Amino acid sequence: MTDQKASFLPPSPQSEQSRFSEAEKMGFLLLLVALSTTFGTAVPVGYTIGVVNAPAEYMRNWCNATFIERYGATLTENGLDILWASIVSVFLIGGCAGSLGGAWIADNLGRKKSLLVCGVLFVIAALFFIFCRMANSVEMLIIGRLIVGFASGLTTATLPMYLLELAPLSLRGTLGVFCSIGVTGGVVVGQVFSLQEIFGTDELWHWALSFYVVLVVVCFVMAPWWPESPKYLYLTANKKDEAKTVLLRLRGNDPNFVQYELEEMNQELVEKSDTRSVKSVISDPALLLPIVLVCALQGGQQLSGVNAVFYYSVSIFESAGFSSTNAKWANLGAGCLNLATAFFTPLLMKHINRRPISLISCAGSALFLFILTFVVNYINYTSWMAYACIACVLLYIFVYQLGLGPIPYFIGSELCSISERAAIMALGSLGSWSGNFIVGISFPILQSLWGAWVFLPFVATCILLIVLIYFYLPETRGKDVPEIALLISNGFKSNPRKS
């Protein structure tokens, strides 16, 4: 394949249909890579999020005892709260840092090596969690949380981009939601392993924090078979022969379809600028709308209230008459519903357009959060209100996971060309972790001040997302990136709805 721009006639409808038919087949290698990278990186992200809630009291007591033993000082209740807030929030700070670093790492080391860096960091963090108990070191616990946060931010910035660049056009949505499914599943797995019946005890909580490392090690055994992204090789690293070799492996040695993809990449190469830094992307007016869309969707995903609903769901189940233990099991059941819905999203993304499913998801989330606000506020007025609360929680989780849960993770890779993709995906991941940080810090305070009305800001976020999606999000399913980028290149003067 030469560097010269390839010229070719537009394919006939019959040949185009044949090509898409080939693209819809997910080969063994592509499936292996998608599953092993998801289980090896995305699941640990969710695991780390879900594992800390159940053993929190044991960890706080250990922190206090450690301070007495090492420094001869007892922490006050306020001091212990500050220390615990630091342990929780340093994970989110690491996530923000990993998101920003993701652009540089992905463009300079490559997509595959970025994921290898994630794996190494996950293992190092697990070692800190294991040995912090033996060393009686709160500092090691904090450092471990910072490292695993950085690895998580790097994962959410890199994994969706890597999988979409491996996927043929018709499977982009299917592969794009794997990261979301992995994070969702990881939260459930973390909740399971932190139960008192497993590792959620005073003696074993450090094993609960680190047990994800087994999954990382098992999945990264398959790393030698992971290919580098062909788009990265062709368009960024200028290794065209290697890109062709990778495509032949991924597409089952179909030279016709591979040639078609190479011609598309060659056309994109002619129009491509050099790899963009985060700073240059932010200062480019033509990229204003893509940046706003990606950051708003990823940040709005966190600010739509999903973490707050899970935080509040235990008390809702208790109000319905569940015991404290049964309420925790019911909360785990809600997480399983979240995961079960997520398993259907690859099929949805393959057959349903992004715009309508996103609008339905945001509207449904706003509706059920609004109802939940009033039902929780009057939960003690009549017995059936508690069951209405449970219904609102479950329905909210269902509609959230239809679109607002998975789409923000990969939409940046569908909106942006290769030169600015890593930078914009990093900014979107930063928006997600920042939103998570804001909710984590502000929700307990606002809940104590506002009570059930604390859900109204989340309703407002969903409504704002509806407006943004309706007026400015172009339909991306089945379209090439250059075609999509043109629709939103005029900033807020763009009118992608006409597409």
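The backbone N, Cα and C atoms fix where each Cβ goes, and this holds for glycine too.
Over in TrEMBL, the protein carries these features:
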- 28-49: transmembrane segment (TRANSMEM)
- 34-477: domain 'Major facilitator superfamily (MFS) profile' (DOMAIN)
- 82-103: transmembrane segment (TRANSMEM)
- 115-136: transmembrane segment (TRANSMEM)
- 142-163: transmembrane segment (TRANSMEM)
- 175-193: transmembrane segment (TRANSMEM)
- 205-226: transmembrane segment (TRANSMEM)
- 332-349: transmembrane segment (TRANSMEM)
- 356-379: transmembrane segment (TRANSMEM)
- 385-411: transmembrane segment (TRANSMEM)
- 423-446: transmembrane segment (TRANSMEM)
- 452-473: transmembrane segment (TRANSMEM)
### Query
What is the pLDDT of the domain 'Major facilitator superfamily (MFS) profile' (34-477) when averaged and given as a whole number?
88
### Message
Considering only Cβ pairs within less than 8 angstroms, which of the stretches 82-103, 115-136, 142-163, 175-193 has the most against the transmembrane segment (205-226)?
### Response
115-136
### Positions whose Cβ lies under 8 angstroms from the transmembrane segment (385-411), at least six residues beyond its ends
156, 160, 163-164, 172-173, 175-177, 179-181, 184, 293-294, 297-298, 300-301, 304-306, 309, 313, 316-317, 319-321, 330, 334, 337-338, 341-342, 345, 348-349, 354, 357-362, 364-365, 368-369, 371-372, 375-376, 378-379, 428, 432, 462, 465, 473, 476
### Task
Report, as numbers and ranges, every residue of the chain located at least six residues beyond the transmembrane segment (28-49) whose Cβ falls under 8 Å of a Cβ in that stretch; write 'none' if there are none.
91, 115, 118-119, 122, 148-149, 151-152, 155-156, 159, 162-163, 166-167, 171, 175, 178-179, 181-190, 193, 209, 211-212, 215-216, 218-220, 222-223, 225-227, 249-250
### Query
Same chain, outside the transmembrane segment (175-193) by at least 6, Cβ under 8 Å from its Cβ: which residues?
30, 34-35, 37-39, 41-54, 155-156, 159-160, 163-164, 166-167, 199-200, 208, 211-212, 331-332, 335-336, 338-339, 342-343, 345-346, 349, 401, 405-407, 409-410, 413-414
